[in-house]
Amino acid sequence: MAGVSAVSKVSSLVCDLSSTSGLIRRTANPHPNVWGYDLVHSLKSPYIDSSYRERAEVLVSEIKAMLNPAITGDGESMITPSAYDTAWVARVPAIDGSARPQFPQTVDWILKNQLKDGSWGIQSHFLLSDRLLATLSCVLVLLKWNVGDLQVEQGIEFIKSNLELVKDETDQDSLVTDFEIIFPSLLREAQSLRLGLPYDLPYIHLLQTKRQERLAKLSREEIYAVPSPLLYSLEGIQDIVEWERIMEVQSQDGSFLSSPASTACVFMHTGDAKCLEFLNSVMIKFGNFVPCLYPVDLLERLLIVDNIVRLGIYRHFEKEIKEALDYVYRHWNERGIGWGRLNPIADLETTALGFRLLRLHRYNVSPAIFDNFKDANGKFICSTGQFNKDVASMLNLYRASQLAFPGENILDEAKSFATKYLREALEKSETSSAWNNKQNLSQEIKYALKTSWHASVPRVEAKRYCQVYRPDYARIAKCVYKLPYVNNEKFLELGKLDFNIIQSIHQEEMKNVTSWFRDSGLPLFTFARERPLEFYFLVAAGTYEPQYAKCRFLFTKVACLQTVLDDMYDTYGTLDELKLFTEAVRRWDLSFTENLPDYMKLCYQIYYDIVHEVAWEAEKEQGRELVSFFRKGWEDYLLGYYEEAEWLAAEYVPTLDEYIKNGITSIGQRILLLSGVLIMDGQLLSQEALEKVDYPGRRVLTELNSLISRLADDTKTYKAEKARGELASSIECYMKDHPECTEEEALDHIYSILEPAVKELTREFLKPDDVPFACKKMLFEETRVTMVIFKDGDGFGVSKLEVKDHIKECLIEPLPL
């Protein structure tokens, strides 16, 4: 169906674009293309080799096998040992009354797992408060069972040598959870056994004072009324607990807030059968040690999904993601969720992460859930006493708030609160401990505050996360612990490899794009901007999957054509010429081009060929006639251009409503998006489904994309356009409607239109319907990248701006393996 090649007609259509009848014509191309043909064709990625794809396939299979036990059914969590909790379980005496431990294997584990420096803990991560708590706990249990004299001696020496140094972690908010509650209690026990430790250090007295202050604020009755975070550390407040009453807040699984240490302590005071049942179940699961939390099935699943999504490898694990999120959703409730399905206390980090991931995957979740995390004055609560945990909670709340739909005011409140908190936390983290630096805490906060989710580049996001993702990442509770299913070398290797493989595919496509562009005839229009790579980036940064190569290619062709038409209507063509060209488009008749000037004849031929090609490919993919659909779309689009040309010629500034109504069409986003989405391999869009994302005049995805693109463009280009004599922009139109307002006030008004439009776009994208999600995603991701392009300036007009760096990151520079 495609027409005669435009290039074959170049010789017969003699186009002298530098001079036409003595007219003085303007150009829209003050900034040349920075991505030359030779540069693009010099790119040679080794990752195009099949051996890398084969390795990626092996990794995908290995990860699927690894994740299967974690997400199937109730799952089998993998979590590192807690020497501290294991020591508490090792304290439990045999229930048959014999003078031996009920769980002797835990004592053996402690004897065999002391580190070379005399401490206990995770060897790969040193946090002194963690080591001190675990080491003193292990020393005390070995003394109880009168074993391990050498280990006891080495443990005491470690504590004596390091006890004073823990003050540094206190100053920097890097202590393990409830350290000031538990450690003084253990020290009192050690002192009663006459262990030779420096009990009179000023820091120890300070710690004891902090413990007393915290307990003084505690309502003793509330401990027994509703589950509270202190249930996690009951072993640290044995002196005040009424053991019979504490059973009223026991968890369904027999534990106290999923803590083996706390549960073991309660069992030793009460002999409760459910406590023992919980301890037995944990020992059966882990063998000869216990973790600091169990189960962590909800948090673990969410973190697995989050890492897979953020590393950009989610297309390989759609089944696993669905299973994990279905499981979380089954346990979702209006009060929020904890780290485990049986945890009676909602956790802000887990709830916010769950909300974001469930909403992103189109589950029905309400933001009203965050009301549970406000105090009596309506302010958000975030104070667990553990800095890293609080920051993780706020980061997740901040990210969740960016998925707001219209009218969800609580998410606006959450965003405001989290932003303020994170800015303050950033100052603190930059001067805090090496632990926070090792965990990339400052980087995470900075990036979150700098980069809005709606104005971010999906492939750059994946690359950045590969650069900060830590396979050995450790979390902090009462001890330092790791979740190997969540952070591991396989995820990182696949993330990097997959990024580079995709990039190598894109580089081959870029060569095809630049070759086509060079031969298309479009470079002959020297008045127009040449941005083939920027337009390829616009689609490839979001719709990057290999199977959508044709979608990317035709999208880029259309965008390149649109740029010539845009610059022709805006700057180069006379009003009489533009009227003829618009009529030629309306007639869809090549013979009518005889009335056009030579440069427009060539332009019309290229236009005719590209529209035919796109319509033909769309018809093949969708199985129905679409030429008339595309013809009407292009006609509307160019009529919008022509109306703006008339405004310019008449020096007319329309009302803002007039401007926006026309601008939604003349921005050209609708026809551009349709030229991609209808050609996505394997994605059938019935007419009914298509109308749910594309219906002129209705606020659906293409309409909202067009509105956002038009206004985002205006906020960064209106000054340059005004200098060229183009008077109509949303800012100028608003100032005409409101002569009393300043330019800054006009800009603020435009942003006040943009913000709710972005929320509407998010809702349209994420609401469940029968539209193929890949199609909605393509439309949505293109909007995100467009907002990036106009974030700091006119990224299309001046291709040397930040967009250049994004293109390099996304399409040029691979990740080192």
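Glycine residues also receive a Cβ, built from the backbone N, Cα and C atoms like all the rest.
The model shown is predicted, which means the values in this text are computed figures rather than measured ones.
In Swiss-Prot, the feature motif 'DDXXD motif' is placed on 566-570, out of the ranges 346-350, 411-415, 566-570. Residues of the motif 'DDXXD motif' (566-570) grouped by DSSP class, helix first, strand second and coil last, total 5 helix, 0 strand, 0 coil. If you measure from the Cα atom of ASP713 (Mg(2+) 3 binding site) to that of ASP566 (Mg(2+) 1 binding site), you get 13 Å.
Neighbour density for ASP713 (Mg(2+) 3 binding site): within 10 A of its CB lie 23 other CB atoms from the protein chains shown.
Ranking the binding-site residues ASP566, GLU721 by other CB atoms within 10 A of the CB puts ASP566 at the bottom. Cα of ASP570 (Mg(2+) 1 binding site) to Cα of THR717 (Mg(2+) 3 binding site): a span of 13 Å.
Neighbour density for THR717 (Mg(2+) 3 binding site): within 10 A of its CB lie 20 other CB atoms from the protein chains shown. The 10 Å shell around the Cβ of ASP570 (Mg(2+) 1 binding site) contains 22 further Cβ atoms across the protein chains shown. For the pair ASP566 (Mg(2+) 1 binding site) and GLU721 (Mg(2+) 3 binding site), the Cα-Cα distance reads 13 Å.
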